[in-house]
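Worksheet: one structure, shown below.
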Amino acid sequence: MKIRVGFGYDVHALVPDRELWLGGIKIEHTLGLLGHSDADVLIHAICDALLGAANMRDIGYHFPDTAGEYKNIDSKILLRDTMRLLREAGYELGNIDATVAAERPKLNPHIPLMKKTLAEVMNVDEEDISIKATTTEKLGFTGRQEGISAYATVLIQRMGS
């Protein structure tokens, strides 16, 4: 069986007058993430991990922030397209293990809906997606509530293996 591991990371600044999207869902908060797309750091980290595992470069290569077509795009579209690229290359998802680092808002209540949403977009089982939330104990840019970051590790395998 041919299996591969990928790692992804993303970070965006928190700013006023933007919606907060994480894991494909809108979360009520006074600040949102700044970015060319909807700035969903969790989805972006997952996309990077998937592309890296398949040795297909990164999210910026496939969906450049210099392209107008991706301005304010829903990151679920990027994830769906990443899964299409992965499957076209002959891979399927084994599992995802992801962590989101944010001081606020508290994310644990939102994790079940994030998992459900991501599983639907990716056409995988919810049990194949693990999402954890943490803080940085008020340290660094995350602790000062200046931004949110996400880390994702994925396992992929050749289809039919």
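Heads up, the Cβ atoms here are built off N, Cα and C, so glycines get one too.
Quick look at what Swiss-Prot lists:
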type    : residues                                                                                               : note
BINDING : Asp10, His12, His44                                                                                    : divalent metal cation binding site
BINDING : Asp10, Val11, His12, His36, Ser37, Asp58, Ile59, Gly60, Thr134, Thr135, Thr136, Glu137, Phe141, Arg144 : 4-CDP-2-C-methyl-D-erythritol 2-phosphate binding site
SITE    : His36                                                                                                  : site 'Transition state stabilizer'
SITE    : Thr135                                                                                                 : site 'Transition state stabilizer'
Taking only C-alpha atoms and a 10 A limit, tell me which of His36, Ile59, Thr134, Thr135, Thr136 are near His44 (divalent metal cation binding site). These are the recorded positions.
Ile59
Integer Å distance between the CA atoms belonging to Asp10 (divalent metal cation binding site) and Ile59 (4-CDP-2-C-methyl-D-erythritol 2-phosphate binding site)
10
Counting other Cβ atoms within 10 Å, pick out the least crowded of the recorded positions His36, His44.
His36
Ile59 (4-CDP-2-C-methyl-D-erythritol 2-phosphate binding site) has its Cβ surrounded, within 10 angstroms, by a count of other Cβ atoms equal to 25
Tell me, how many other CB atoms lie within 10 A of the CB of His12 (divalent metal cation binding site), whichever protein chain they belong to?
21
Give the helix, strand or coil assignment DSSP yields for Thr134 (4-CDP-2-C-methyl-D-erythritol 2-phosphate binding site).
strand
